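According to Swiss-Prot, the protein carries these features:
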type	residues	note
BINDING	D380, N428, A429, I477, D478	Ca(2+) binding site
COILED	74-184	coiled coil
COMPBIAS	122-131	compositional bias 'Basic and acidic residues'
DISULFID	C245-C433	disulfide bond
DOMAIN	244-503	domain 'Olfactomedin-like'
CARBOHYD	N57	N-linked glycosylation site
REGION	106-131	region 'Disordered'
REGION	170-200	region 'Disordered'
SIGNAL	1-32	signal peptide
Amino acid sequence: MRFFCARCCSFGPEMPAVQLLLLACLVWDVGARTAQLRKANDQSGRCQYTFSVASPNESSCPEQSQAMSVIHNLQRDSSTQRLDLEATKARLSSLESLLHQLTLDQAARPQETQEGLQRELGTLRRERDQLETQTRELETAYSNLLRDKSVLEEEKKRLRQENENLARRLESSSQEVARLRRGQCPQTRDTARAVPPGSREVSTWNLDTLAFQELKSELTEVPASRILKESPSGYLRSGEGDTGCGELVWVGEPLTLRTAETITGKYGVWMRDPKPTYPYTQETTWRIDTVGTDVRQVFEYDLISQFMQGYPSKVHILPRPLESTGAVVYSGSLYFQGAESRTVIRYELNTETVKAEKEIPGAGYHGQFPYSWGGYTDIDLAVDEAGLWVIYSTDEAKGAIVLSKLNPENLELEQTWETNIRKQSVANAFIICGTLYTVSSYTSADATVNFAYDTGTGISKTLTIPFKNRYKYSSMIDYNPLEKKLFAWDNLNMVTYDIKLSKM
């Protein structure tokens, strides 16, 4: 049976569903292979194409209502398919965009990664070069240090041998001088006058003459110009007979030799031995930073240049802590006050052992009778031409300065003097030729040496000798009888003062 699709397959301004119906008709036509196409004008003269296809299944044409139902179903299917197609197109566009982005990322990422790796590699190479440079510099510095150490050891060995030779020659010279004093030296043609044999008076030999100094120079292998020199007080003195003692009349400007590196050096004590013993010399210097509660380190410098540059040759660790700035070095031993005690201790520097301890009877300590600047300066040791002294106060003396002469071997008190100078009214004190001198202020730039107490007469007097506190915090002032100078510690700075003495 044939199915006639003249109405549904006509071309005109119909809906898209009609076109789909036409497509379906064509499909059916292809499937049935019995489609017939016709062309004719309608009543209005409009051209129409019609075709007919035999249904493969239906024996008769359905009703018009059934055809419309089929058309509606086809329209719904067409709309659904169109929506699915649009969704598919949207997904395809999204996939194409994503694929394009992925393609660009894959093209760009290797380049960025490569650039980052190149930068990292460059950084690592620079760091490697820096490390290699630093390594070479450290190796060079280490080699230099080893070489310097070797040179210093050789120099130290040479100096030790030289010191031993000098010590032997000095001993030989001393024996020769003693023999000359006993009158065993034959008289020469240049002798100006006869010398009484056996005379022990220095003035008999007229030691101030140039001839004797030249003779002594040859015996000791020391230039005569070094032995015969003008003392700071302005008169000639020699190594024998004339101690150069007198009354203090002038104190010079401070000369700064060294500045402490840290706050622990705010105040301290430094010194040289006025009576050096082997292996120490006149140049050997000791320094103690006294800020702190457990002060035990004593820095030792073989040469003055080492002291000025801050390179210690040795560091002593004391068996017990010391107190304040009253320590001194004398005849190869360090004398100091034990912390929080009235005990004075003798520490032999060469053997690093304690040789003697002694309590100072009734002496105030740890802030009972300090100098005006404080610092637990109750007990202050001093050295002069006569030997070792201790400056302190007691309850009996009611705060006045007490002065005692000490035996340097066993620290026994040999003699004691009580002054009328209140200890807490003065900033510091030192002893020259058996006379105690005090300083008025530790902060004033224009302080004075304001009192003197002569142990020979037991008389004190006021003075007005100018004394400069250049750095305005003098915590230690000591006299060195060998160098005829004052050593001081002024607010981190280690300084010396030239002095002049009136000839006695």
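Cβ coordinates are placed from backbone N, Cα and C, and glycine is handled just like the others.
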Non-local residues, at least 6 beyond the ends, that sit with Cβ under 8 Å of the compositional bias 'Basic and acidic residues' (122-131):
none
Given a separation of at least six residues and a C-beta threshold under 8 Å, show me what packs close to I477 (Ca(2+) binding site) in the same chain.
N428, A429, F430, V439, L486, F487, A488
Please give me the CB contact count at 10 A for A429 (Ca(2+) binding site), counting all chains in the structure.
26
Beyond the site residues D380, N428, A429, I477, D478: chain residues whose C-beta lies within 8 Å of the centroid, for Ca(2+):
G326, Y371, A382, I391, F430, V439, M476
Give me the CA-CA distance between D478 (Ca(2+) binding site) and C433 (disulfide bond), in Å, as a whole number.
13
Would you say which of the recorded positions C245, C433, D478 has the most Cβ atoms within 10 Å of its own Cβ?
D478
C433 (disulfide bond) in three-state DSSP notation:
coil
Using a 10 Å cut-off, grab the number of neighbouring Cβ atoms around the Cβ of N428 (Ca(2+) binding site), all chains included.
28
For D380 (Ca(2+) binding site), nearby residues of its own chain (Cβ under 8 Å, 6 or more apart in sequence):
S324, T325, G326, Y371, V390, I391, Y392, N428, A429
Helix-strand-coil residue split for the compositional bias 'Basic and acidic residues' (122-131), DSSP-based:
10 helix, 0 strand, 0 coil
Average the per-residue pLDDT over the coiled coil (74-184) and send me the rounded value.
79
